[in-house]
Amino acid sequence: MFEHDFLALFPEIFLINATIILLIYGVVFSTSKKYDYPPLVRNVGWLGLLSVLITILLVAVGSPLAVANLVYNNLIIDNFTYFCQIFLLLSTASTMVMCLDYFKQESLNAFESIVLILLSTCSMLFMISAYDLIAMYLAIELQSLCFYVIAASKRDSEFSTEAGLKYFILGAFSSGILLFGCSMIYGFTGVTNFEELAKIFTGYEITLFGAQSSGIFMGILFIAVGFLFKITAVPFHMWAPDVYEGSPTIVTAFFSIAPKISILANMLRVFIYSFYDPTWQQLFFFCSIASMILGALAAMAQNKVKRLLAYSSIGHVGYLLIGFSCGTIEGIQSLLIGIFIYVLMTVNVFAIVLALRQNRFKYIADLGALAKTNPILAITLSITMFSYAGIPPLAGFCSKFYLFFAALGCGAYLLALIGVVTSVISCFYYIRFVKIMYFDTPKTWVLYKPMDREKSLLLAITVFFITFFFLYPSPLFLVTHQMALCLCL
């Protein structure tokens, strides 16, 4: 039994060992005058990227032919876990590519940030495969501890320290709520395993009346609140704009991409597989509407790029929760397609922001001369913004179309209507980027330095997928359908 567990968990074990070796490497060479910053940080970045790519290969080689329960039923490997882990590792690899030159540009001697990004990726891999409330909570806490530190990693910046402190205080509060919910579920049912919980709740109507039912209801409500805080859904979004703005840009990019995949995957496992009940649909229905409306309206007033992207992220979480609210196979499939396309667009836009950071690009108005000084980058950013806005035939339109179609299929007409209206409103601030780049006369001309080769390659790949996704969406459809079936059958 132990041998099978070891083989199945070999990718995670490899990544943990690689992270520890990288930490030792960084500590040893940080005292050397020849190999210290800046070569050290870049070397750690490249080795970290290599570790992630090898982990992707190990996960791909060990593709599951059947469902496997590991470590006394605390973890599970199935098609849903497999594809989510590969997708998470690809998004982490994208972040590592973006950070190769970032620390040199910002004069940050912080190889520890790369090590912590890898460690949080390990925790997210375990989070995706968690099959027990205790295993899930431990994985979420390991991820959160890494995030608290990297949010405040720019030690000479008051904004970064403030961001880390805010995230720590509010994150600790949400983790406490999540743990309290898990303890209530255990107290009223006597089990923590997802499979056992699914058997208990099959055909069991949860209401506020009756001591046992109300206790279970409150427990699941607390778990839902803890999750919604982690994915920045309204009304638990308060921390996101300040933390996104104050954190180093590469950390903001990582916060926008990786946790969304792991937390949403975990939410699907918990609520669709174990606790599925129409009661939770109403909660996510409300959060979806609130997130879409606030994300669309609050972003209109923003002048800073990172703050606007934070509200954009909140709005997109609202769109993804449409699929969650449906509770159907089509809804889950549309949510998974939505996550994939959202991550592609977010990687793209942050790669551009990081490329322009060489000149301390901070405000949207700073884009004034981009169409004339770097027309290719301006076209790339325009395509991404049109995709964010949901302009056909780009990938962003396909994502929203499938989500709204799933909402109509399950009778959630109000959800689809509000989604369409907020999409139209969001066009204003996305297309404002294009207007500033092409039609505004800049007060001061900024000559942007050429982008490094790694980011150029990353941008080329993401823009290609965003632009031509509509021509051949079948592979993603097949993969997401398999993942949805794993949860529903």
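Here, residue 1 is simply the first one shown, and the rest follow in order.
Using the three backbone atoms N, Cα and C, a Cβ is placed for every residue, glycine included.
According to Swiss-Prot, the protein carries these features:
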TRANSMEM  9-29  transmembrane segment
TRANSMEM  47-67  transmembrane segment
TRANSMEM  114-134  transmembrane segment
TRANSMEM  168-188  transmembrane segment
TRANSMEM  216-236  transmembrane segment
TRANSMEM  248-268  transmembrane segment
TRANSMEM  280-300  transmembrane segment
TRANSMEM  309-329  transmembrane segment
TRANSMEM  335-355  transmembrane segment
TRANSMEM  376-396  transmembrane segment
TRANSMEM  401-421  transmembrane segment
TRANSMEM  459-479  transmembrane segment
For the transmembrane segment (280-300), what are the same-chain contacts with Cβ under 8 Å, counting residues 6+ beyond its ends?
220-221, 224, 228, 233-235, 237, 271, 308, 311-319, 321-322, 324-327, 412, 414-415, 418-419, 422-423, 425-426, 428-429
If contact means at least 3 Cβ pairs within less than 8 Å, sequence distance 6 or more, would you call the transmembrane segment (335-355) and the transmembrane segment (248-268) in contact?
yes
Quick one: find which recorded stretch in 114-134, 168-188, 401-421, 459-479 has the most Cβ pairs under 8 Å with the transmembrane segment (309-329).
401-421
Among 114-134, 216-236, 248-268, 401-421, 459-479, the stretch with the most Cβ pairs under 8 Å to the transmembrane segment (47-67) is 114-134
Intrachain residues whose Cβ lies under 8 Å of the transmembrane segment (248-268), provided they are six or more past its termini:
80, 84, 87-88, 91-92, 94-95, 98-99, 102, 106, 108, 113, 117, 120-121, 124, 127-128, 130, 136, 140, 143, 147, 150-151, 153-154, 160, 227, 230-231, 306, 309-310, 313, 317, 320, 324, 332, 335, 339, 342-343, 346-347, 350, 353-354, 357, 487
